[in-house]
Amino acid sequence: MAPPPLKNPCQPTRHLILLLLASTATFSAAVSTRSHSSVCPAPAPAPDRHTDADDALSLARSYSSVCPTPAPAPDRHTDADDALSLARSFQIYDGYFSGGEGSLFSPDDHLHGSYRSFSLFPDRAVRTTDPALVHLTATLTLAGPRFGEYHRRHGNRGNYTVPAYISFVLDGYYSSASLQLCMVGTGTERAADRSVKRYAHVALRLRVPGPSSLADPFVNGSLDGSAGFGAIQLLAYAEGDDYEYGERATCSPPVQPARGSPRELDGGSFVCDDLKERLVTTYRLQDHHGGSPAKLPRMHVNRMQCTPDGAVRAYVVFSDDTGDAGRRSEFLVDEEAVVADGHWDSARDMLCLRACRVVRSVPMPSTLAVRECGIELSFWLPSEWTIFERSVVAGALWNPAHGRTGGVMSAFSIHDHRRNLSDVRYTYNDTMLDVAKEHDLKINKEKIRGSFPVPGNSAYHDFKLHFFVANSPRRGEAHPVAIGSVMVNEDGWSADDSLPGSAAGDTEHDLLRISYDIHWYAPPDNEWLRPTKNVSYSHRPEEERRISTSAEGVYDPRRGILSMAGCQRRNGSTDCRILITVQLASLGGLGGGGAISSLRDRSDRLFFETMNITLYGMYTEQVSEAVSRMDLESVALVASTTLSCVFAALQILHARKSPGAAAATSITMLAVLALGHLAPLALSFEVIFMSRRSQYSLGSTSGWLELNQVMMSVPALVVFVLHLRLLQLALVGRLRPAAGRSEPATTSVSERAVFKVCLPLYLLGGVITATVHAISVRGGSPAGSVGGEAATLRDGIVSYAGLMLDGFLLPQVILNASLSGSRVRAISPWFYMGGTMIRVAPHLYDVVRRQVYVPSMSPSDIYASPRGDLFGVAWDVVVLCGAALLAALLFFQQRLGAGALSLPWPKILHLWKECYMLISRGDVSSSPLRIYSSLILAGPTP
């Protein structure tokens, strides 16, 4: 302990000097102001604004009133290394706070991934003339969930949760004699209106152990905001380097052999970091002798610090939460806990710790106290994996006072990072392999077409499986653990980028031994609630639990069939009567599938219904093909859009050179073309102006794809502008008839007829599109998908606009048919033939693409995309035939005259009337001949 601070005998003298200086400064300021007013009438003097000196003076007064102890002392020179060491001793990365509900944060401690935490980072630490006193300047940051409100459509309001941060700049002193830190300052945060909100007169009081030890490992205290907010209680695990380790703990022999120490694996200064990376995780606790789950079945190594010489200390929490380890990173204070310290025993390759139980203090619930020392912990890295235990870290927990055989708990890590497993050996279970082979023999031995992944020449990712569970919205995944005798890391083979040939040849009767970890998510009771018309699955995602199954069996690389037997822990029991069969997708075929079923009797309590699964995803080779295809489609899209610009420009030249061409062009057709090109631009307006959202996403390449999409939108915008120019020329041509000619007036009348025919047709199609979408959404099964997501009404409208563009010649054909006496070639062959080919080409490509490329779960179609048109076998045929028919009709109309293909509607109506009269009189013997002769003699309508 440092001696108490000494009183300063020179303090009255300093106060007198400070008073004289303040008087002199006041007199000088008054004289300066009067001189300035007399010499410089303009600009007029103004009062001085608030300065940092004023803040410092106010801060000193505030500290004296808030922190009577420790009393301040003058700073003295501190070496840089000493100052850095001092600053580190007060540093807190992640602590927990309580309080501040309502005014600062929401009352929930943990909400949607945002949890309460605080950090303290010293900005400056210097020693003072008092050896027991340190002058400290630091930044304290509070982080926690906060509710926000936003306005929905139709006046409704919704709530959302965001992480909120408040920072406080503090200044004060720490006394190593009393272990008290007292600081004052101000806080700021960004308000909802983007302004800066200030919190004045904030006081921080902390008890900081110096040095911390197993008996005194926590930092606790409070933050008081006076009128701004109430007292906030702070609690943290001391993270400074000045920790006083106790005597070395003894280790019991490990349950399993331990593999090489991290020092041998990584060496040098990386020992501590490697230990923390492996050990700071979640563990499954079970009775060492009986195998039954512990009363608190989960153990979290929540905090850990270590030194280069192998000294280790930790904060360990126990809980009954068997769900996913989503709260491992935050400082946990609500559960049972122990604090421990010890060392890494390089001779035994294990970590040996002595632990003490942590309890909450009765007078102060925000304070943790250490009680009941004598618990021992040990951790090691298993060198052998099996289907029953395949944890990166294993351990044991016991109390020597209860004897060597009583109360021993085994710990096995879960949710591991599986890196550097080259020195781990996997041992297959003969019984499980026999079960897998038995069921593999029952599978049809018919040769399956196509080739399948072979370990010797396939990438690791080809053996990672992603699947859907049938009749549920849940997904799962399966990761290979060992293929043959070679272990598999989480990022590839343990030996090399490709599986060594020795493992590829580790087969028996052409069957390769293989082991998997399989995970999927299910509701708490593992029973699916079937959705109704208006209600979807009645459970929330946060209520789901992660179900894990370890499996091993055989793989037939000739047929792509996996047959495995699995083990699963459920309801406190281990069920190893599970069968997993999977048919992998061929390298050039569609997605595969399989089933997870129980081999138990239906009456058994561990029996479950068979779950059919559907695989999705792509092999490495298919990904390369997809990237190449996307590049090709990008070029095709840009080329087609550019050709649309060229053909529109050629039509503009044709309209200028040919008299009457603009007036004879259908305004309805031009309006359809303009609106059809506008729809995708208007509905993806944010893409043109570089929104951060991307329609296509491939991990880190989404930014490039977004840039490419913007570049592709620019030619489409040019096409839209050119069609607006064509529309302008057509309108001007109608308003300026040629001298002595009446075609514009006749054309205007015919245009009205075209509009009356096309408008109801287009509206009917739009209504059908909206109706089909509404029915499909109400039924719970969207009518289509775009990019792997359910199609929205917006997607349907854009696709329907593409269909209107496919038949863009329909208004012009109807207009020409109504102008029977006109021989004006209104449309350039480049425009209607080229435009037809541009609209037909995506459908031809879609037919080819369906035969050549394998559709993936998240298609990335750029050219012939369902976002811009209606595609499918039926639509491809309809569009091809319809567009070709309209182009042929327009060609003959402009070659033979507009009335050449017009039907004699008056004579046809007369013949229908005569036929009806003949049939009504019963004289039908001569009706076919008379009708046929009348049709032959029928000519063009006058």
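Glycine residues also receive a Cβ, built from the backbone N, Cα and C atoms like all the rest.
Summarising the annotation, TrEMBL assigns domain 'DUF2921' to 63-223 (among others).
According to TrEMBL, the domain 'DUF2921' annotation covers 266-399 (among others).
Taken from TrEMBL, the feature domain 'DUF2921' applies to 450-611 (among others).
If you look up TrEMBL, you'll see 622-898 marked as domain 'SWEET-like'.
Annotation source TrEMBL lists signal peptide at 1-30.
Per TrEMBL, the feature transmembrane segment maps to 635-655 (among others). Remote same-chain partners of the transmembrane segment (635-655), defined as residues 6 or more beyond its termini with a Cβ less than 8 Å from a stretch Cβ, comprise 661-662, 665, 711-712, 715-716, 718-719, 722-723, 725-726, 729-730, 733, 827-828, 830-831, 834-835, 838, 841-842, 845, 862-863.
The transmembrane segment annotation in TrEMBL covers 667-690 (among others).
Residues annotated as transmembrane segment in TrEMBL: 710-732 (among others).
According to TrEMBL, the transmembrane segment annotation covers 753-777 (among others).
Beyond the ends of the transmembrane segment (873-892), by six or more residues, the same chain brings 803, 806-807, 809-810, 812-813, 816, 827, 829, 832-833, 836, 839-840, 843-844, 846-847, 850, 900-901 to within a C-beta distance below 8 angstroms of the stretch. Taken from TrEMBL, the feature transmembrane segment applies to 873-892 (among others).
Residue counts for the domain 'DUF2921' (266-399) by DSSP state, with H, G and I taken as helix and E and B as strand, are 12 helix, 71 strand, 51 coil.
In the predicted structure, the domain 'DUF2921' (266-399) carries a mean pLDDT of 83.
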